[in-house]
């Protein structure tokens with residue numbers, strides 16, 4: 001819940017000097033990316049911008065405090081300020097900020113700019129007190145903001161120092177409007193106007209000019225002089241002389257003498273107590289100060305000119321001028337030290353009553369009240385956890401004594417989930433074990449079950465499925481039906497364990513159950529996770545179309561709940577890329593893989609390993625070995641600089657071994673084979689993939705017997721576990737083994753099985769990747785004309801893809817080849833004396849590649865009758881009577897030229 005006063009522009013006060021000369025300069029602010037107002041405290045930055053903002057509608061205002069260094073809090077308020085300016089135009093960003101569903105501030109801002117692209121009016125965003133930001137991540141994000149913000153948006157930043165926002169670059173490009181302390185300083189005329197408004201007896205222009213010069217036009221000094229002159233008999237000039245040369249860091253003595261010592265004791269205590277509040281309203285003031293009518297008291301303080309300012313148009317929220325507020329807080333620690341804990345407790349209670357637990361925690365921490373802090377956490381911690389207030393929770397839990405956590409195991413569980421969310425798996429188990437050792441009877445009942453659910457999640461994340469299964473089952477046995485979150489966690493873990501064990505049907509049912517529970521209780525990240533798992537299972541079972549439809553449901557969930565920036569989004573677009581690759585939709589597969597990299601742009605480069613492997617796979621399927629090599633260099637660098645799950649390593653190894661196969665790099669394959677992991681089992685698609693990598697390397701090295709043993713065992717496991725996609729892949733690799741070993745009938749047998757199974761999986765690129773050896777076999781099958789209709793159609797499609805991407809279309813019959821052929825000593829005399837035209841050579845190449853007459857006409861973009869003429873002519877020149885004879889003749893020519901066909 002956001003504090004309204006932080007998003008309210010300060011109300012323009014009566015008796016303030018209208019800074020006409022500065023307002024004139026600000027009138028052109030819409031021509032700049034950034035309007036920067038910088039000066040020490042008390043020069044009137046906020047007052048000036050509130051005057052400028054008066055009457056503007058398309059403006060958002062965000063007043064910072066120290067707590068805004070937390071990235072999530074900064075994002076929530078900044079987006080809320082934009083929503084304020086645009087009347088709710090950026091709904092997607094607002095939801096993402098509220099639910100913390102973004103990868104980083106920069107990615108959230110990128111989405112913001114997409115939404116703002118449809119906002120065409122001038123737009124202003126004011127950020128006040130930016131000097132309070134010390135978080136370098138926020139600085140970097142705001143530099144990104146300024147670089148990419150729409151042309152119609154102007155950012156207005158108020159700061160006591162020069163912020164780290166790339167100011168020099170903006171200045172060079174004339175995109176910066178600057179107002180500094182010299183310009184903010186009051187002129188003689190403005191000082192005269194100021195005193196005329198504040199003092200009952202006007203002073204001479206010469207006198208006010210001297211006073212203005214004495215304090216160098218510092219607005220706060222002028223205000224203090226006017227206050228002092230009203231409260232006692234000191235002349236304004238005497239006060240000015242005392243303030244001359246003084247600056248904000250040396251005001252304490254003056255403020256004590258001239259302000260605090262000149263108010264009654266009740267007002268003094270009111271000022272000191274209320275100053276602990278960063279913002280205040282009637283209820284807060286009444287509770288903290290003990291005075292009955294807080295609103296009336298605030299208005300009275302405002303009338304006295306005691307540096308209090310309204311924060312909203314309703315007049316409900318107030319705050320002290322930062323300079324005066326800091327002074328009062330320091331004095332409060334001196335003068336009311338004994339009462340201060342109780343004052344903070346009162347503030348915490350009032351904030352809680354108004355529904356702001358994070359503000360209440362701030363005061364409970366300041367009070368050092370562990371019991372109050374414990375009670376707030378017991379009631380609100382999980383809500384704060386779900387809103388990613390992780391830093392605040394961690395600070396709060398550290399402030400509680402261990403005994404307090406033991407008395408409230410829910411807080412131990414919370415601390416453990418915090419560790420889990422930060423991938424500190426070892427610390428989770430250590431914490432829970434310590435708690436179980438010291439808490440009586442914890443090993444029974446609901447809390448123990450919740451511990452086990454979390455432990456199960458840690459175990460599966462840490463690659464220990466057996467332990468995860470044991471713990472998840474224990475949790476589900478002990479958890480009451482109403483403990484939905486832990487039940488969702490345990491059910492999801494159990495489904496993932498069964499997936500790892502190859503029990504796909506049972507795993508699918510549990511993941512569907514997880515999805516149903518997660519949707520029912522709005523636990524959207526587990527709903528998304530379960531859909532991704534369902535898609536992977538369906539893919540493994542060979543039901544790629546159903547996997548596609550499940551992915552569509554996941555994309556819809558992401559759009560509805562604005563989950564685009566969760567890391568899981570990358571998982572989804574990656575498995576979509578795998579599916580598109582299987583169907584030979586390579587451009588779309590590449591685009592999906594690149595979008596996955598974009599989702600992870602704010603994370604460590606190692607996280608991009610799987611998407612990078614997918615990009616390499618696309619290059620290999622296209623036969624683009626140069627691009628694949630360039631990408632492989634990066635992939636191998638990432639592999640050497642990170643620790644990865646075995647599934648990730650298997651996928652990375654897959655493209656490496658494929659590349660070595662396509663380039664004939666036996667040395668690299670042999671070296672890899674000596675060092676790579678040899679899994680104990682092959683009962684899921686992760687392990688099947690690694691063993692397939694091993695078999696492919698063995699085939700490249702001519703170790704056919706070893707590879708056959710591996711592949712036959714893989715097929716046995718795949719058939720028993722119904723891993724149909726893996727079976728399809730295994731059959732294709734077995735086909736290559738038989739083909740290279742000269743076992744042509746076995747090769748044809750398993751190729752027919754693979755084509756038949758592909759009617760279910762839809763595989764195309766898995767055939768294409770095997771290149772010319774696959775093309776030769778498919779040509780023979782097509783020419784035999786014995787394939788069933790579906791397999792015939794698929795074989796032709798695969799052949800077209802191979803010809804397109806692996807350059808077998810004209811590669812053997814281009815002009816250079818024909819010239820060399822005609823000069824070959826063994827070339828048939830018929831070809832030498834009656835040579836084919838270049839077009840006829842192209843047609844012969846396409847006939848050899850398995851193209852029909854219609855397909856050749858389409859490829860060469862000529863009429864079918866023209867193709868028939870070319871074919872008739874080349875048959876006559878070659879001395880052949882039919883298509884099969886032409887193919888055989890072309891094959892002889894290729895062998896003569898040294899091509900292994």
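The backbone N, Cα and C atoms fix where each Cβ goes, and this holds for glycine too.
Ranges compared are 833-852, 853-872, and Swiss-Prot records DNA-binding region for 853-872. Of all Cβ atoms in the shown protein chains, 20 besides its own fall within 10 Å of the Cβ of residue 41 (ATP binding site). DSSP assigns residue 41 (ATP binding site) to coil, not to a helix or a strand. For the domain 'HTH luxR-type' (829-894), the number of residues in each DSSP class (helix H, G, I; strand E, B; coil) is 51 helix, 0 strand, 15 coil. A Cβ within 8 Å of the Cβ centre of 39, 40, 41, 42, 43, 44, 45, 46, the residues given for ATP, is found for these other residues of the same chain: 160, 181, 184, 219, 220.
Cβ-based neighbour count (10 Å, all protein chains) for residue 46 (ATP binding site) stands at 20. In this structure, the binding-site residues under consideration are 40, 42, 44, and the one with the smallest number of other Cβ atoms within 10 Å of its Cβ is 40.
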